[in-house]
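Notes for the one structure printed next.
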Amino acid sequence: MYSSAPASSDSLLRHPSFVAFWLARTGSSFGFQMLSIVVSWQIYTMTGRAFDLGLIGLAQFLPAVLLALPAGHVADQFDRRRIVLFGQLAEWLAIAALAVLTVTHYANELVILGLVFFIAVAKTMEAPALQSMLPALVPPSMLARAMAANAASGEAAMMVGPALGGFLYVAGAGTVYMAAGALYLVSIVMVARLRYEQAPPKRVPASVSTLFAGVRFIRARPDVLGVISLDLFAVLLGGATALLPIFAKDILHTGPWGLGLLRGAPAVGALLVGFWLSRRALERRVGMIMFLSVAGFGVATMVFALSTALWLSLLALFALGGFDMVSMVIRGALVQLDTPDEMRGRVSAVNSIFINTSNQLGEFESGLLAAWLGAVPAAALGGIGTLVVVGLWMAWFPNLRRRQRLHNEETFTEGAIDTH
């Protein structure tokens, strides 16, 4: 299923623009994770109200949903590198403002929330362009490995970034903001150094019709529709990680340290598998590998739900993260490679709406089911539901199940899809 040896004959390191892109993503990811810690702690220290922590999430969620389609449209109309550059410059300015206002003691709840909202708007407008740039920086045969390397750095940022932010907070919130701003500056410099390996596509005239062309494209492409909808329903049903505090306290009988281990286990699994995939080429049967990985995610969820031993729960969550990384890399590569470059921004925007919706609703579904049936049945049913979804999708999308390779030559030869 994978190449038997590391794919070093054409290393990712031989593509300078990808290296710059990876450093940019890594720097901004670490900076954003540090930012998430300092903002939440600073606001809670100011007000002492849990409701205000929810407002932070709302300030980030609303732009991600409401502006996703326009952001995808912009990504397909203008130079994506410049969009990312302007987006990150805007985020850096907001972080710099947070640092100055904090150090001068002018920061308050409304100002912080307003700047968080501004950062969320900039990130939303930047995201489709950022996601769509990667196929222009590496050959199609290396896209899955490049996506795995990016995903691994993202997992590392999620693991280390909050801890680093918390450590620096000892020196004050302003110190964390300045450190995050420095990381964003590194990212901005790296983005400015990017050069496309593939020529950018011709841009189509903007109209209301082109705004929704991404939705029409996905509906007309069974493989793309199958991949995106599989992600939606699998994540929606498999959101057991939202119940980790209940499992840590009431089932595994561990303290906060145990909860920390449980939260970190999926990220460790995803990180290790991501680095491994960045060195290995997915060569055949990618459709079946994707379905088996999602099924493995469901089985790992069930094992975690039924476990009463901390070591087994950690092992299940570790496996869960690894399976999720494999399926995520394949899904992401399939969507990018099956989409013509002039459509990638709009398709990425629709995909991001699905991802954001499934993550948020998945946690809500898990909490609601746990309140009704209990945490163990809720998590177990989520795993079973994921397996049912895999079975149904394998039957409903047979071509996706039989898919051998990531790259689909028909993507650039068929003219049946209207992108205007």
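Every residue number used here counts from 1 along the chain in the order it is shown.
Glycine too: its Cβ is placed from the backbone N, Cα and C atoms.
Predicted automatically and left uncurated, TrEMBL annotations should be read as such.
Since this is a predicted model, take the numbers as computed values, not measurements.
These features come from TrEMBL:
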type	residues	note
DOMAIN	1-199	domain 'Major facilitator superfamily (MFS) profile'
TRANSMEM	21-44	transmembrane segment
TRANSMEM	50-71	transmembrane segment
TRANSMEM	83-104	transmembrane segment
TRANSMEM	167-192	transmembrane segment
TRANSMEM	224-248	transmembrane segment
TRANSMEM	260-277	transmembrane segment
TRANSMEM	289-320	transmembrane segment
TRANSMEM	369-396	transmembrane segment
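Tertiary proximity for the transmembrane segment (224-248) is limited to same-chain residues at least six positions away from its ends with a CB under 8 Å from its CB atoms, namely 217-218, 254-256, 258-259, 262-263, 266, 290, 294, 297-298, 301, 304-305, 313, 317, 327-328, 331, 334-335, 338-339, 347, 350-351, 354-355, 357-359, 361-363, 365-367, 370, 375, 378-379, 382-383, 385-386, 389-390, 393, 396-397, 400.
Same-chain neighbours of the transmembrane segment (50-71): 39-40, 43-44, 109, 113, 116-117, 120-121, 123-129, 211-212, 214, 345-346, 349-350, 352-353, 356-357, 360, counting only residues six or more beyond its ends whose CB sits under 8 Å from a CB of the stretch. Long-range neighbours of the transmembrane segment (21-44) within the same chain, counting only residues 6 or more positions beyond its ends whose Cβ lies under 8 Å from a Cβ of the stretch, are 12, 50, 52-53, 56, 84, 88, 91, 95, 98, 102, 107, 109, 112-113, 116, 119, 123, 130, 133-134, 137, 146, 149-150, 153-154, 156-158, 160-162, 164-166, 168-169, 173, 176-177, 179-184, 186-188, 190-191, 194.
Remote same-chain residues near the transmembrane segment (83-104) are listed as 24, 28, 31, 35, 39, 42, 74-75, 111-112, 115, 118-119, 122-123, 125-126, 129-130, 133, 172-174, 177-178, 180-181, 184-185, 187-188, 191-192 (criterion: CB distance under 8 Å, separation of at least six residues from the stretch ends).
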